[in-house]
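Database features (TrEMBL):
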{"type": "DISULFID", "residues": "CYS56-CYS61", "note": "disulfide bond"}
{"type": "BINDING", "residues": "ARG152, THR154, TRP165, SER217, HIS220, ARG252", "note": "FAD binding site"}
{"type": "DISULFID", "residues": "CYS359-CYS362", "note": "disulfide bond"}
{"type": "ACT_SITE", "residues": "CYS359", "note": "active site, nucleophile"}
{"type": "ACT_SITE", "residues": "CYS362", "note": "active site"}
Amino acid sequence: LTGVLDDCLCDIESIDDFNTFKIFPKIQKLQERDYFRYYKVNLKRPCPFWADDGHCSIKDCHVEPCPESKIPVGIKAGSSNRYSKAANHSKELEDCEQANKLGAVNSTLSNQSKEAFIDWARYDDSQDHFCELDDERSPDAQYVDLLLNPERYTGYKGPSAWRVWNSIYEENCFKPRSVYRPLNPLAPSRGGDDGESFYTWLEGLCLEKRVFYKLISGLHASINLHLCANYLLEETWGKPRWGPNVKEFTRRFDPIETKGEGPRRLKNLYFLYLIELRALSKVAPYFERSVVDLYTGNGHEDAESKALLLEIFRDTKSFHMHFDEKSMFAGDKKGAKSLKEEFRLHFKNISRIMDCVGCDKCRLWGKLQTQGLGTALKILFSEKEIQNLPENSPSKGFQLTRQEIVALVNAFGRLSTSIKELQNFKVLLQQTR
């Protein structure tokens, strides 16, 4: 996979080098920090589109949340939160992790003042959300340690899994039903149609609708890459061995086995990487303010986490071939506003489909990565609001919840990992030839 990507002036080799040497090591380190490793999620929300066809019973599908009784009062979400050192003592966090090898952290953004936090909690920016957000106050919403629940192949597949992806593409990609889109190289093809009519149609679309399809396709490719790279290779004496599965990678991405579809998917992964990279560079001013503090209760670690995050922002700004989002929604004001709203509602619908995923671990990572992308889109469409942020007080014009911040960083971390894993597969494929 080489050359320039469509719809942006950027080549794949430049992204590979930038990701490998600048971004990947730092984003990996950041994801290990307490602020970013704990994600509050509701895995019990019912599927809003069809009758639940039962949850995956494979043990690798299971997600074990931290027991409520083990979460210190000081790090629970909500306006009743107190910033007490005793409640946030690291020993209690360790006890929590030992209990179920899982834990939780404070869900607030700043320890500057309790009033500011309450003010932020009241602020309702639902008009800007590209995702259906979980209600963190729901009794079904629980903290999950992402490091102890890694995204990998769980064995969840078949009709249930494909119904989710089919719904995402068929209902939400601005596509007429008469145009067949090749979804999966492992699925039976439809007669002589190899999907070329779909790409002819796609090229005729406006930039925004092409971008929407590429974002979803890139996310799909990234998730498939994670599953191929972290595959259950064997299990002996109850000890599983996980690693890259070259055969599975070839089945999903090889040009011949996928009838040319694989490389297109991987190019869309790079395109998605550029979109989220652009969002990170745009949101930097929000975090550069002293009022925003990545609060967990550990002052030293919080300061280090923020310094590392700002360092990543500086790196993203140094990349010289950013996607130019100004070319999107640039038509007449009325038409642009209508298209942006359609874009937002389509994406919000996709975030709701994630509640139909039958495997809890797949649902967890699907929801997180979808929310991360939704947050990136929210940032890209809020440039003026971000530029006008007050330095020393919460802004009414643009806010990010802790959940959105955690999702944004981890979703981009997943894309960075995908591109790194792609380099590993290139080496493995050369060794097998």
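Cβ from N, Cα, C; glycine included.
Note: the CA-CA distance between CYS359 (disulfide bond) and SER217 (FAD binding site) rounds to 21 Å.
The Cβ of CYS362 (disulfide bond) has 25 other Cβ atoms within 10 Å, all protein chains considered. There are 19 other CB atoms within 10 A of the CB of ARG152 (FAD binding site), with all protein chains counted. The Cβ of THR154 (FAD binding site) has 19 other Cβ atoms within 10 Å, all protein chains considered.
The disulfide-bonded residues CYS61, CYS359 differ in how many other CB atoms lie within 10 Å of their CB, and the one with the most is CYS359. Ranking the binding-site residues HIS220, ARG252 by how many Cβ atoms sit within 10 Å of each one's Cβ puts ARG252 at the top.
Site extent for FAD: the farthest pair of Cα atoms among ARG152, THR154, TRP165, SER217, HIS220, ARG252 sits 21 Å apart. Counting every protein chain shown, the Cβ of TRP165 (FAD binding site) has 16 other Cβ atoms within 10 Å. Applying an 8 A CB threshold to same-chain residues 6+ apart, the list for SER217 (FAD binding site) reads ARG264, ARG265, ASN268. Residue pair HIS220 (FAD binding site) / CYS61 (disulfide bond) shows a Cα separation of 18 Å. When the Cα atoms are compared, THR154 (FAD binding site) and CYS362 (disulfide bond) turn out to be 8 Å apart.
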